[in-house]
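Below is one structure, written out as structure tokens; comments come after it.
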Amino acid sequence: MSDEEVWLIEPSGPLRGDVVVRGSKNGVSKHMVAAMLGTGESIIGNAPEVGEVGITASMLRALGITVEIDDSEIRIEQGPRIEPRVPAEYTGLNRIPILMLGPLLHLAGEAFVPLVGGDPIGRRPIDFHVAALRDMGAEVEIQEGGVYAKAKRLNGTRLELPYPSVGATETILMSAVLAEGKTVLKNAAMEPEVVELALFLQRMGARIELSPDRRIVIEGVERLHGAQTWLAGDRIEAFSYLAAGLVTGGEVRVHGCPQDRLVTAITTLARMGARFEINDEYLCATAPPEGLRAAAVQTDTHPGFMTDWQTPLMVLFTQSHGMSVLHETVFENRLVYVPALQAMGCEIEVFDQCLGGPACRYHDSNAKHSAVVRGVSQLKGADVRLPDIRAGFSAVLAAAVADGPSTLRGVHHIERGYHRPFEQFKTLGLDIQRRG
Ligand code: UD1
């Protein structure tokens, strides 16, 4: 899809209907990388049709890995010859190449990956990944345009992350499973997508122990084999569609995402007055007749309120009664999308202080990581360019409740991370058209 494609949205009343969410964007690409490590075929089921899958598949193919995608099923198998370099054309497309360093070291003894991209949130550094690989015995050099690493064999070691980073924990998992000896990782991320990856690696023959207090112990094995798995539903999409129903005064039934992935989100929305129906088939939220109430919310690591949920929540705040506060503690710069929402009439002010929760890592920095949002605001349609995935979805929500039509540019960002969002919104009754 080209950058030039735009969506034209006319506010068309409450969004209602059913949405089935597929496996998570944040899970699928990591499973694809993990599958490189097995001899024999791996099958990943319930995969979403998101741009990330296509990008990751092309990168893997460039490395000599066979990847076949048939709707929701991805089959991956090692090829006879592994190319240790991820081509430069993948520079800045997403965060996946850095996760390939460890697996490539195992398969080829060396690796080069172009510098990572992803959404423009925070500095998105890779220092934890690099430090962990060095501690495991790799020589790692930051070169012009990328990272080069070399190791005859990685060694197990004792590691402690300065912050429980999802990506760094995944790098360590995928590096330690075939390393010589035992790796003990402290302060690991325990997000559901990380645990899901650990379980997949275990199916492939890895010896992984998830211990209390964010501790993971991995005993390296000589080889891994292929495995089959079915991805659990995407908690970011699930939350986003629940918010779409709530913000428009409608009702979206979300199928396919386990309740335990949404526990804090559900309680947060319930505190704002949302009424839930939860059963084994679906989750569904409706706003009370008097509307939702303001709230103070702080993002956190799992099982806290997920940082990726804050963008739809912000639009919901603009349509809730009173002043709401959001404190972002995971990424210093995740409020970059606020100007796009302000252009649509959202009354949001950002601050560098820690508001709405205890002081976080950014308390004495200049990072604007807290926001105060006034509700209820009458939003207005606008012509806006979307800076990233999450901002994109929120702009659609704002457009759905605005006065007048909106033109959204850069919608490829939404399709990078959401499964068929255009079709899903249409099914829910949004007046949405493509141009471009
Ligand atoms: C993943 C998710 C993203 C989610 C985030 C937190 C994917 C593709 N993306 O991102 O949607 O919002 O987890 O749940 O899965 N950090 C460092 N040095 C490093 C690595 C991270 O300082 O080497 C910092 C980051 O700047 C950030 C924090 O650690 O402040 C958390 O980042 P991390 O958990 O690594 O996020 P990602 O894995 O990039």
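Every residue, even glycine, has its Cβ placed from backbone N, Cα and C.
Automatic, uncurated: that is what TrEMBL annotation is.
UDP-N-acetyl-alpha-D-glucosamine is bound by ARG95, ASP308 in TrEMBL, and the record lists one more residue there from VAL325, VAL330, VAL336, which is VAL330. Ligand 1 lies under 6 Å from the Cβ of the following binding-site residues, listed in sequence order from LYS25, ASN26, ARG95, ASP308: ASN26, ARG95, ASP308.
Put plainly, the binding-site residues LYS25, ARG95 were compared by Cβ crowding within 10 Å, and the winner is LYS25. If you measure from the Cα atom of ASN26 (phosphoenolpyruvate binding site) to that of ARG95 (UDP-N-acetyl-alpha-D-glucosamine binding site), you get 10 Å.
On a Cα basis, LYS25 (phosphoenolpyruvate binding site) lies 12 Å away from ASP308 (UDP-N-acetyl-alpha-D-glucosamine binding site). Taking the Cβ of ASP308 (UDP-N-acetyl-alpha-D-glucosamine binding site) as centre and 10 Å as the limit, one finds 25 other Cβ atoms among all the protein chains shown. For VAL330 (UDP-N-acetyl-alpha-D-glucosamine binding site), the number of other Cβ atoms no farther than 10 Å from its own Cβ, over all displayed protein chains, is 25.
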